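*Asks:* Summarising the annotation, TrEMBL assigns transmembrane segment to A:30-50, A:80-100, A:112-131, A:137-156, A:245-269, A:275-296, A:303-325, A:331-352, A:404-428, A:449-473, A:493-513, A:595-617 (among others). If you look up TrEMBL, you'll see A:64-114 marked as domain 'NADH-Ubiquinone oxidoreductase (complex I) chain 5 N-terminal'. Taken from TrEMBL, the feature domain 'NADH:quinone oxidoreductase/Mrp antiporter transmembrane' covers A:130-419.
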């Protein structure tokens, strides 16, 4: 199965091409093409995972580009980390393909949507099987393309247009960091292969400066893709895309690519203490920063988006605290419960046709499936005991604590409290109480949408049990053949603290939004300034608008003036001189012999002088 | 057929010119078909040669040489001194450029079906232009090179001046004056070299100029070398163009008919790159080496200057014009890096930008034909009315901004690998260009295709228009997915160049 792993990304690509060509004829039957081909990917991915369980890493490479005497290769690889990722990605993709059949029903560009989904899935799976940095970068950019196309799917909406553009450009800023880091590493190691890079690191062939520099530059790429501070602003805006897309790309898979990249290059980060600390601090800061914004947002998808940013920060914090297993584990559980939350949110939006949680309420009665599934997702992300998020978040806290990042540990605990609070705020506002606006015809979504949610709901509960304090199956498998910790023994009070904090968050949300024992405008009336800052996302967008964008337009304007006046002016001056000389010349041609005689004699005199000075030969 | 192969390849459009002159002016359909048909022989021949070369055929066997002009007889000199032969020769690089030319010529001829008037004269000039371009790449002495170089100038002047848009005459004169001055400078270089060495054969000149041991008929001092090198830089800098010699090409981009711009941006600008590699680098490697950092700086100026200006343009043609300026910066950066990766990147960029620019300008023509405008704001929401055209334009923009999987990425990537090796700090500044390219292209393309629909009742891509659209996109993607298809033919050229440096 592993030697056929190259087929896994190829199936969705076939779907993309087929739907591009005959989608118009297939109409909504396009969904079956997409579903079937991603199902094939899933089957092959499961096969690869199963086989990798017992056999060693499989890798193949072919020459792709020759520069001088260096051969750059492409190929594919199945190792523990990417076998796991293959299954997660193809599974979520398949579920989203299924769900979207119901969600996108009736859309004019239905086949296009499925074609784009295919393109994205191809790129994401291609990213995961890449055995070298360059190939990773290639697919890294292609997932960006898929994300861009799907964010801009409702192209006629100005917001979608702006969001798509912003997503592409913000992530590209990060990508340039990745590109530079990658090239620097290549020039040092003379290879893009991960194996070669790690071997060079072990032998100490890479200078410390280059190592740290490229690790940090590559991390900038991860910051862009995974929506970490300060390049996070595109991710909440990306919610303009259709909700299944938000679930697949902007929650479960693509945004996790940054975490995946750092995990893949873990030996590089391990070798550089500075880079490692940077990762931890950026992650920790993002975790609490985004969670605090999530506390006050009123758009259901945006709350989830900030929660994604925050959770990705958690994963980075884990990796930066040497918690390789913790980071990857949380990546997996998060993929399941966040995809579930998004799909459930989509189901809600599908039913009530608004995204504003202020206008929802009382849906528990009306959506018999969606509501409990959303609750499962909420419990999982809040770290409620014995749900998947509980175990993975616990691993992260232990990693941060045992690595000695006490400050970051505290930050992570507070962020966990925020998470529990804003998620249950969301839950109570949407599902509890009475309907706040008279929305008619609220109905449960069709089966084709509910089924994928049920699968994810099950996974959101059980996927935590692969790595518990009592047995570290996942960790042992992932760290086989390395000296990384399969599981870090942490003090048991951490788990108790985490549980209490999460319960407190839930309780507070219940008091305010469920029981309404505390006034809802408690924060906004007491601390209007804090509230406004949070509501406006710390004014980061405004800040970029005033600085970066202003500067760019100023430079543009400046160049425009230079081009129009200086450059063109010089050219005109040149032309005018030529014209002037011509005019003088033509005035000399006035038909008078005396004038011609004068010119001849003057010219002769000049020639004599030149000959005398240069000695006869130029 | 070997001894005539290259001549046949270059002059086969002549047949079309002759047959066209027999047709009556009014036979629009026949003329258009014949115009396309006349480009096919050279296309087939060049593809055949390329295919043979890929399979290991030694293309130096195609070299042709016939005695042509002799300047008097000098008893004290060798017999071959001061003679100019009619000689043609191609290496991998030249062959790649020839294939680029023939492909774009055929596709531009297809795109020329939208030309509204005087088709006969148009296609005759068009074919003459093709002869000139092909000759430039195959000429193996400077005199012949110069003749072909000038041969591109004249038909282009008329093509712009007669079939262009509102300010066509101004653009045509501007083109002629800038390029005429460039040519004049080039002619001085050629004359000086010929006078001092007695030969104009490029290979011989390279041997003479790079071996200090060789005695020339009259001495060539270091100062003179610098002078000649800078003159070459100016002559080809006009063509490429290097900022601040770029103003003429903006006008051409905007005023010339899109089918002509396909050739202009696709091939003619690349003659600048070709000339820099062949002559500035080939004949004066020492001077080139000393100027290499300056070239990178020039390249970065081009890259950023073009990008920032493209950000402000309101007309899609102007966006593309400045984007060409910007992308030619990559050529300079690559060449200035003076290592395999950089030089290979520069040549890749020449080819890749040829395809991408032609691709995008093809769609400028398509859009203008239907909407009578290329102003960004007036085109909003095209994705609704012309989904295929919008999709292709977006694909073209993605290739242009260097998305992996397209040829644009490979060239940009290699150029930057080279630049980071040669001058990391400058290269780091240059990467700002990668971001800016995305910014201005997305602004322009999303401005046209996304948002509320403003133009209605226009038809999408139809009939023969699919041919250029699909073939160019395929070429762009093939190079992007399997770059060795282009890298292998270039290996010898690049090796030769690197050996010319010799430390």
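Quick reminder: no glycine exception, Cβ is built from N, Cα and C everywhere.
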*Asks:* Looking only at the domain 'NADH-Ubiquinone oxidoreductase (complex I) chain 5 N-terminal' (A:64-114), how are its residues distributed among DSSP helix, strand and coil?
*Replies:* 29 helix, 13 strand, 9 coil
*Asks:* Quick one: average pLDDT across the domain 'NADH-Ubiquinone oxidoreductase (complex I) chain 5 N-terminal' (A:64-114), no decimals.
*Replies:* 89
*Asks:* Based on Cβ pairs under 8 Å, which of the stretches A:245-269, A:331-352, A:449-473, A:493-513, A:595-617 lies most in contact with the transmembrane segment (A:275-296)?
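*Replies:* Between the stretches A:245-269, A:331-352, A:449-473, A:493-513, A:595-617, A:245-269 has the largest tally.
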*Asks:* At a threshold of under 8 Å on Cβ distances, which of A:303-325, A:331-352, A:493-513 pairs most often with the transmembrane segment (A:449-473)?
*Replies:* A:331-352
*Asks:* I need to check the long-range neighbours of the transmembrane segment (A:331-352): which residues 6 or more away from its ends have a CB within less than 8 Å of a CB in the stretch?
*Replies:* 84, 88, 92, 95-96, 99, 102-103, 243-244, 246-248, 251-253, 256, 259-260, 263, 300-301, 304, 307-308, 311-312, 315, 359-360, 363, 366-367, 370, 373-374, 376-378, 380-381, 387-389, 391-392, 430, 439, 442-445, 449-450, 452-453, 456-457, 459-460, 463-464, 474
*Asks:* Any residues 6+ beyond the ends of the transmembrane segment (A:303-325) with a Cβ under 8 Å from its own?
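*Replies:* For the transmembrane segment (A:303-325), the nonlocal Cβ contacts are 222, 226-229, 232, 235-236, 238-239, 246, 250-251, 255-256, 258-259, 262-263, 266, 269-270, 276-291, 293-294, 297, 331, 334, 338, 341-342, 345, 357, 381, 393, 395-396, 398-400, 402-403, 405, 408, 412, 415, 418-419, 422-423, 426, 467, 472, 474-475, 478-479, 484-488.
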*Asks:* Do any residues of this chain, six or more beyond the ends of the transmembrane segment (A:493-513), have a C-beta under 8 angstroms from a C-beta of it, and if so which?
*Replies:* 382-385, 390, 393-394, 397-398, 401, 413, 416-425, 427-429, 432, 469, 519-520, 522
